[in-house]
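One structure below.
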């Protein structure tokens, strides 16, 4: 049965502050996490994402603010008394213990009666599909299996929150993709809150109910994977989440409440935005590679599109990825088209002259952060 994200918060971080000597990592940091949610904290190295996780876990002491967990202030509560468990990148399994004993370790530390331990351990192993491995040692398991055991050990205590710190980054690409699906399915089955920290954008988009993007300790955007990808709130988020083309534009006039006429890289066209704009104002028009369209042109053919030439083309199975160099300023544009072998125009030749366009409303329009006009 799929869990339903509940609106009741399981965690509230209120005006949280953490510094190391003179170096402030987060300051006045506020975040509410709902019960049953799969939340990913995403950001580049040094943005503060692991610090936030460690503060929730109790591995770091806050310099200010509050951590509320299921209605209780746990700011000063030691890690071992908080109803959270953490899965680390290194897995941290005990090599001299069997898989069963690794998973049972936390229960024994909590002095759970022996008659309860075996069924709970076997249930946890069953959840990660490794019940038959109970008598093996960690060294006899693959990386993916060790990852699952680390998760089983974390969930056997029935924590209210599971914290995962870059937990899949040590796996190879194929296994990581498999574990992403398994982890999300397990979270649904358990119905507990998962907080996942990663710098991998694709991983965040694949697994999360909600993503927060961090930069220098600040939340740049908080939203669903689709919102983060399709409606980035600023240029940092747009550039950090996947490939994106950023076109320079200048406002000519507002057409109506939804459309603005602008010069976009030499092409006069209407763009959709509700930003308050004035004539001459600089904007950025953002388009994902899959949202850009190409039309092959003869060398002297007239077109209202942005003109460029194919400089690189790569067949990727389902898609053809092309790099277009714009004629007027040599800017490179990435284009991803679904490959159709029956379409004679899909496989472009190098140096082919092309027109670059897009479907109206697919663009994202942001203010030019360097425009001081």
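Heads up, the Cβ atoms here are built off N, Cα and C, so glycines get one too.
These figures come from a predicted structure and were not determined experimentally.
Pulled from Swiss-Prot:
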- 11-241: domain 'ABC transporter' (DOMAIN)
- 43, 44, 45, 46, 47, 48, 49, 50: ATP binding site (BINDING)
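Sorted by the number of other CB atoms within 10 A, the binding-site residues 46, 48 start with 46, the lowest.
Just so you know, of the binding-site residues 43, 44, the Cβ with the fewest other Cβ atoms around it within 10 Å is the one at 44. Cβ-based crowding with a 10 Å cutoff singles out 50 as the top-ranked of the binding-site residues 45, 50. Annotated ATP site 43, 44, 45, 46, 47, 48, 49, 50; additional same-chain residues within 8 Å of its Cβ mean position, judged by their own Cβ, are 199, 214. For residue 47 (ATP binding site), applying a Cβ distance below 8 Å and a minimum sequence separation of six or more within one chain yields 214, 215, 216, 217.
The average pLDDT the prediction assigns to the domain 'ABC transporter' (11-241) is 90.
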